[in-house]
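Quick notes on the structure that follows.
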Amino acid sequence: MVEAQTWATRRMSNPRLESTTVDIPSTPPGDARVPAAGAASATSPAVLTALIVVSWYLSNIGVLLLNKYLLSYYGFRYPIFLTMLHMISCAVYSYVAIHGLELVPRQYILSRRQFFKILGLSAIFCFSVVCGNTSLRYIPVSFNQAIGATTPFFTAIFAFLITFKRETAEVYLALIPVVFGIVLSSNSEPLFNLFGFLVCVSSTAGRALKSVVQGLLLTSEAEKLHSMNLLLYMAPMAALLLLPVTLYVEGNVAALTVEKASAGPFIIFLLLGNATIAYLVNLTNFLVTKHTSALTLQVLGNAKAAVAAVVSVLIFRNPVTAMGMTGFAVTVMGVVLYSEAKKRSKVAAR
């Protein structure tokens, strides 16, 4: 799932299930109960944070690579059904985490209005994750990650179009290398596929749109939900939205999966493992947000995209060019400049 939500929108839910991730808002002090407190106290905070960050990296990169393997190499060409499995997994594991492990207090939907707002977010979320998973059938993970780094560009566009929020000239100028870098990467990508490129751009735009709409819809204190509670409600809604789509577009995919499983149980292991890791992306995202600062999270997010690209090239041996790597580096540099410009504009606004 991995809404390969990148760090740029991450102090809210997401995010790349973009891969399939949900944007994670900042956690108010004391709203999370961490189990096994004795074990945590026996571990130094630095070591604990390092373990959480490593788990975050492994889950994010792992789900991307597994998605790519399933959709492009193993022959399981059903991205919508795969996304639905991710949503079911997130719903089940979220219930266990909140009701069983009590990682965060349970929150409830209080009105029909709030329900439809969450349903709308679920629809945008479905669109983004399905497009992200579909793109992995056609383009390499490295190129997918480069496109995903342009999330700040779409966030700024949607924030202006929907909320009429204007940024400073410095912020908009920082977006130029973000776009220029991806143009360089696209022109020199050896495995460029137009359809894969378009659906990946759509996924990135959907992730940015969800972030903006979420901030717009769930604004009152009564409607705000912790990221893990929001996932608890969004995941089953998303699974129900995807069920008729996968049946219509991908046919009797459940029967085909059972047929593959009868020939060998490896497909079941792959799907269950993939769906579990998809939830771990969201869980570790929440934990990293809780245990690090905003600046650290941004640096880690930038590095994660680069690491995912390098690991995918090493594993899948997809060809890369010097111009493509330069374009990716320019895009990441633009994202860093954008982040710094945003930080300065917020300080100046105060």
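From the backbone N, Cα and C atoms, a Cβ is placed for every residue, glycine too.
Positions annotated as region 'Disordered' by TrEMBL: 18-37. Summarising the annotation, TrEMBL assigns transmembrane segment to 36-58, 78-98, 118-139, 145-164, 171-188, 194-218, 230-249, 261-282, 294-316, 322-341. What TrEMBL lists as domain 'Sugar phosphate transporter' is 50-339.
Taking every recorded stretch in 78-98, 171-188, 261-282 and counting its Cβ pairs under 8 Å to the transmembrane segment (145-164), the highest total belongs to 171-188. If you take every residue in the domain 'Sugar phosphate transporter' (50-339) and average the pLDDT, you get 87.
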